[in-house]
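The structure appears right after this line, and notes come after that.
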Amino acid sequence: MTQKGSLDDFLATAVEAAKQAGEIIRSGFYGAKQVELKGEVDLVTETDKKCEQLIFTFLKEQYPDHKFIGEETAAAGGNIELTNEPTWIVDPIDGTFNFVHGYPLVCVSIGLTIGKIATVGVVYNPIMDELFTAIRGKGAFLNGKPIRVSSQDKLVKSLLAAEVIASHEKSIVDASTNQINSLLFKVRSLRMSGSCAIDLCWIACGRLDLFYLVGFGGPWDVAAGAVIVSEAGGLIFDPSGKDFDITAQRVAASNPLLKEAFVGALQQSE
Amino acid sequence: MVYRISGSVEDFLAHAVEAARKAGEIIRRSFYETKLVEHKGLVDLVTETDKACEELIFSSLKQQYPDHKFIGEETTAACGVTELTDEPTWIVDPLDGTTNFVHGFPFVCVSIGLTIGRIPTVGVVYNPIMDELFTAIHGKGAFLNGKSIKASSQTELVKSLLATEAGTKRDKATLDASTNRINSLLFKVRSLRMSGSCALNLCGIACGRLELFYEVGFGGPWDVAAGAVILTEAGGLVFDPTGKEFDITAQRVAASNGFLKDAFVDALKQSE
């Protein structure tokens, strides 16, 4: 029996919450395909909020003293300050555009920080039925099986994931495509999936070798993925090579063999 | 022109599905193992699995249809280009998404198309990792795992998901043109996806997951032969990026749902 208040207990509760939210996402996902334009944005927002509410309620019931940071609550003006207190950091649906379009890369992301350190991570893709989990110091898993980052050591044989920030501002789009241009000369190929949390998990299980993203929404996009990558033997860092800051809206990840070359390439790509 | 076809189109589809599933088994078995990779170019890869699957598919279909013609990616690489004629011709990519296969990235597929009179008539695309089987016969609709699929009804470019690929050429001219084009389009669409499989991108539009796709300079007709039927039968459109008619051998493709072609072609023109 898992001891209440232990890390295993936190993980089990988070998994349960993720699975319940996953159900809601799954039922909205196949319905969304048939929906007319008019209701789309409303539908998504409803599902996001519904899932976030469900997850918060579930976790608050178990852990009334813990703190909570959620994408939708933050958007509504709620708390976004990260303290040393155990803090659940939640993205109820990462991959919102994908959800609307029925593109199967969507997930629930639930991370727990203790002393500002990402300690428990759950990322659940209910469409592909892939559950990524990790507890600091205890390894990373996909549907219960241990996962490890790739052992690729050459940049030119590496698969890079990136995303385009949803913005039509010229300086942002130009910087983005210039960076992609520079990197394409140095890596094997580029993938864009539409979900930051999924990109981190796919680094963790070796499907990708490199990932970077700047200017994403908030800590909820990376809190869970950060633990999962680290526990799978990967590295998570600021794109400049400095230490990862969970609130900075900047992230890079790779296996340990590629970090230096990757940071070099990122620096040259600016 | 009338051809005496030995078998119905339903037969052709059934045998293509069978061949795709068998090849899919081979892909699934080796997917999570270490692969022996050869380079056709700096970033253009081929594996034993590509070759084994093509052999299996060819012998399976040749047994049924000895009079048909065959064009396959790996055979073409080994023996040179086979010209596309009016004869019933199977056009096969045994493993589309080879880079994904090598990396264990789950967007891989078998793509089997049949042209008759140079018209894509039967299409099968099978992703054995996600177990998604896309099928279509000219005039008879498109299906995913047996359920009818339709392209999306999105009418606005700015709310559309665009797919394209980085391709396999890494010379400055190609990469610069490529990223300049992407830059221009990013101001006009909702977002960009790169999944690594041309055939699956076409199928993605067919089932409404994506709205737009273009790729220039891909390997050959085997990347598009099956996807073209599937998308057309799902109510989508396949065309040359200039807006002109689609040419299956031109190594150029653009695709959209039934509503966005004009706006997309405009945007592509402005992106050059």
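In case you wondered, yes, glycine gets a Cβ from its N, Cα and C as well.
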### Task
From the candidates B:Asp176, B:Asp223, B:Asp240, B:Asp247, give the one listed by TrEMBL for the same Mg(2+) 1 site as B:Glu73, B:Leu95, B:Asp96.
B:Asp223
### Task
Write out, in the order they occur in the sequence, the residues of the chain not among B:Glu73, B:Leu95, B:Asp96, B:Asp223 that have a C-beta within 8 Å of the mean position of the C-beta atoms of the recorded Mg(2+) 1 site.
B:Asp50, B:Asp93, B:Pro94, B:Gly97, B:Thr98, B:Cys109, B:Ser111, B:Ser197, B:Cys198, B:Ala199, B:Gly219, B:Trp222
### Query
Where does B:Glu73 (Mg(2+) 1 binding site) sit in the DSSP three-state scheme?
helix
### Task
Sort out for me which one of B:Glu73, B:Asp93 has the most neighbouring CB atoms within 10 A, since those are the binding-site residues we care about.
B:Asp93
### Task
For B:Asp223 (Mg(2+) 1 binding site), list the number of other Cβ atoms lying within 10 Å of its Cβ atom.
26
### Query
How many Å lie between the Cα of B:Glu73 (Mg(2+) 1 binding site) and the Cα of B:Asp93 (Mg(2+) 2 binding site)?
6
### Query
Does B:Asp96 (Mg(2+) 1 binding site) have same-chain partners at least 6 apart in sequence with Cβ under 8 Å from its own Cβ, and which are they?
B:Val108, B:Cys109, B:Val110, B:Ser111, B:Val125, B:Ser197, B:Cys198, B:Ala199, B:Leu200, B:Trp222, B:Asp223
### Chain-internal residues, separated by at least six, CB under 8 A from B:Leu95 (Mg(2+) 1 binding site)
B:Ala23, B:Ile27, B:Thr47, B:Thr49, B:Asp50, B:Cys53, B:Phe101, B:Val108, B:Cys109, B:Val110
